[in-house]
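Worksheet: one structure, shown below.
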Amino acid sequence: MTSPCSARLQLDENLQLMQAGSPMRKVKSRSWKKQRYFKLQEDCMTIWYNSKKTGNTKSTFSISDIETVREGHQSEVLQSIAEEFKPELCFTIVFHGRRANLDLVANTPEEAQCWIQGLEKLIETVTNMDRKDLMDQWICDWFQKADKNKDGRMNFKEVQDLLKMMNVDMSEHHAFRLFQMADKSESGTLEGEEFVLFYKALTQRDEVLKIFQDFSKDGKKLTLLEFVDFLQQGQLEEENTEEIAMDLIARYEPSDTAKKLHAMSIDGFLVYLCSPEGSIFNVAHEQLYQDMMQPLCHYFISSSHNTYLMEDQIRGQSSIEGYIRALKRGCRCVEVDTWDGPNGEPIVYHGRTFTSKILFKDVISAIDKYAFRVSDYPVILSLENHCGVEQQDAMAQHLKSILGNKLVMSTLDGRIPVRLPSPDELRGKILLKGKKIGRLEDSLEEQPDDSLGEVSDEEENIEVEEERNEDKKRAKKSKERLSQELSDCVIYCKSVPFVSFQHSRAHYILYEMSSVTEYKARKLVREPGNDFVRHNAWQLMRIYPTGLRTDSSNYNPQDMWNVGCQMTALNFQTAGVEMDLNDGLFRQNARCGYVLKPSFMRHVETTFNPDQPQGTEGYSPVNLSILVISAQQLPKVENSKEGSIVDPLVRVEIFGVPIDQTKQETKYIENNGFNPMWYETLHFKIHVPELALVRFVVEDYDKTSRNDFVGQYTLPFKSIKSGYRHIHLLSRDGTKIPPASLFVHIRVTDASQPEQDT
């Protein structure tokens, strides 16, 4: 059976050479370099490689698993063998998610180029596949897996094995009936189009057909008016529904005849429901839709802790790959932990542990290269400086020489700021967060203008003078430990110790900011009143995990977002609920790494209190009703027994202010991970919707132990689209797992209005 990918690319010379196979060295370290035989499968979608010595298949991976290919010595592993192998022989395969990169050395430059160009073409082809191509590819993939003897046809025994692989528990009688219906040639086997018929019969969506027929008079098509009715009544769209209907028909209806009639067939209807426009995530929020001209302190900023670590904090690997991955995920604040290194070169690692070490200048070079690949909004380097003055000077030189004019070395207008600059004003810029000698005013010739206001009261003058004297004492003390050159690189993010909210109001300036541990932040969250929220309306604050988290685990970031903390730093290398929430929040606004805080968190006189939101700004309760209808083609649980089939349940979790934290789940469906049906409605009341995140989780029920994770999807409540929606599930590490999805109906009503049944 020919895959759409191989059919499209079968004449490509590079791919033909890749299908013939090539011996290459797989490299893990300077001392671990082993010969492997790599080959592109006939489907043009799978690479397998084996040991040249034994001939046993060692591993396979899909082209869809690959994010990009890097040419030359672009990984630390390949840099370590640069003297042994020329760059034109080397390349790195980078995978989606947290999977380790694959570093390879070809035997000739021509062979390396063949694989680099071939892989790039395959990645581009897969990326540009439409839904029909993807469906054809999935069908082909299943056929390849089930056709054990590789004779190009499938007998009934192979079909039965396939059903188990697909998480389908079906009676032998029903399976044989579907098999016979598809076996048009009556040969006792399925091949080519016969298998396509079988797959389509297997994947028929009865629940979608029912919705279609509810709105279709003849049961065969939706006229334009019928489709408009569906958009208004089913999808709860209120504006421009006729224009939307025309656009959706033009884009998703496969039949030219139906298009000319401005009608939609059941095939087009299903394609639309599975498209981005049929997704639960509002496509308008995939664009840059927020005001980016507010001061930095008015945004939640995607922030990473111990960015250089790939694993735990005791023996884990330090790598520039940590920075590359974080920045490519939209992270805008990365941590650089510096220590004195040999040969006068500062190094980055988790100090006083067995983690490996990397050069500071290599980290800055990686940041320079990748800072603005996915977002052109500012990157903040959070500097944890343990170096002596001499190597601090070296750090300053590297920052200036490598980053050039990207590094902010003065206020934007050369004047003392009266507010923090906006993300828009700082496009393409890199800010250094760290300690600074004295005040910013000392390094600027321009003095404050009248807009800052004059201090006329005699008592205030005395207080200011005393404060200046204290500043001079502190500056003199810090000069002994801090390089002037490095200090001059700190402009808008001067690090100062946090004492109390009252102390910050009395002594600190808007360009000064504090970093506190999650433990201290939680204590501040528990303080009565809303001082924390007000503080974060005018000054930046960074929260980071406690040092006790040696396994690089994370804390719940929602608690910090509830009080407006901008930089809630997490260990990006560690998958889990906490990173799901982070990915969910920053999924919106073009994934640019900046999300505008709600208006009630952006002014210092706000009354909003997350612990007691009733009667304050931000309190606008709504009812959320979720009808969980079905799931489609759920993946097998990791490390599950052969032949086992999942018993799926769906849990919906609400994260937000304390009163909104809750979860509900459906019953489990026994032995059906392929097309389970629930038709269960879950009801929630959300009091502060602008801070709420909704997480959909699918688990494999286990009555004797903990349920196993199957997939999840997290998004801001305000980004949810009402109506019939698909939720395209993600794996534990946040990568896509097509075609796995949930199908739901969403209804949101004002909490003062009675809910309607779906």
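In case you wondered, yes, glycine gets a Cβ from its N, Cα and C as well.
What Swiss-Prot records for this protein:
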{"type": "DOMAIN", "residues": "134-169", "note": "domain 'EF-hand 1'"}
{"type": "BINDING", "residues": "ASP147, ASN149, ASP151, ARG153, GLU158", "note": "Ca(2+) 1 binding site"}
{"type": "ACT_SITE", "residues": "HIS305", "note": "active site"}
{"type": "ACT_SITE", "residues": "HIS350", "note": "active site"}
{"type": "REGION", "residues": "446-479", "note": "region 'Disordered'"}
{"type": "COMPBIAS", "residues": "446-468", "note": "compositional bias 'Acidic residues'"}
{"type": "DOMAIN", "residues": "486-602", "note": "domain 'PI-PLC Y-box'"}
{"type": "BINDING", "residues": "ASP700, TYR701, ASP702", "note": "Ca(2+) 5 binding site"}
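Feature annotations (Swiss-Prot) mapped to structure.
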residue: ASP147; record: Ca(2+) 1 binding site; DSSP class: coil
residue: ARG153; record: Ca(2+) 1 binding site; DSSP class: coil
residue: GLU158; record: Ca(2+) 1 binding site; DSSP class: helix
residue: HIS305; record: active site; DSSP class: coil
residue: HIS350; record: active site; DSSP class: coil
residue: ASP700; record: Ca(2+) 5 binding site; DSSP class: strand
For the C-alpha pair, I'd like the distance in angstrom between TYR701 (Ca(2+) 5 binding site) and ASP151 (Ca(2+) 1 binding site), rounded off. 38
Using HIS305 (active site) as the reference point, find which of the binding-site residues ASP147, ASP151, GLU158 has the shortest Cα-to-Cα distance to it. ASP147
For the C-alpha pair, I'd like the distance in angstrom between ASP147 (Ca(2+) 1 binding site) and HIS350 (active site), rounded off. 50
Give me the CA-CA distance between GLU158 (Ca(2+) 1 binding site) and ASP700 (Ca(2+) 5 binding site), in Å, as a whole number. 25
Can you tell me which of the recorded positions HIS350, ASP700, ASP702 is spatially closest to ASP151 (Ca(2+) 1 binding site)? Compare CA atoms only. ASP700
Quiz question: given the recorded positions ARG153, HIS305, HIS350, which has the greatest number of C-beta atoms lying within 10 angstroms of its own C-beta? HIS305
For ASP700 (Ca(2+) 5 binding site), which residues of its chain lie six or more apart in sequence with Cβ-Cβ distance below 8 Å? VAL637, SER640, VAL646, ASP647, PRO648, GLY673, ASN707, ASP708, PHE709, VAL710
Among ASP147, ASP151, the most crowded of the binding-site residues [Cβ within 10 Å]: ASP147
From the binding-site residues ASN149, ARG153, ASP702, pick the residue whose C-alpha lies nearest to the C-alpha of HIS350 (active site). ASP702
Could you please provide the mean pLDDT value for the domain 'EF-hand 1' (134-169)? 81
Are there any residues at least 6 positions away along the chain from ASP702 (Ca(2+) 5 binding site) with a Cβ closer than 8 Å to its Cβ? List them or say none. ASP647, ASP708
Can you break down the domain 'PI-PLC Y-box' (486-602) into helix, strand and coil residue counts using DSSP? 42 helix, 20 strand, 55 coil
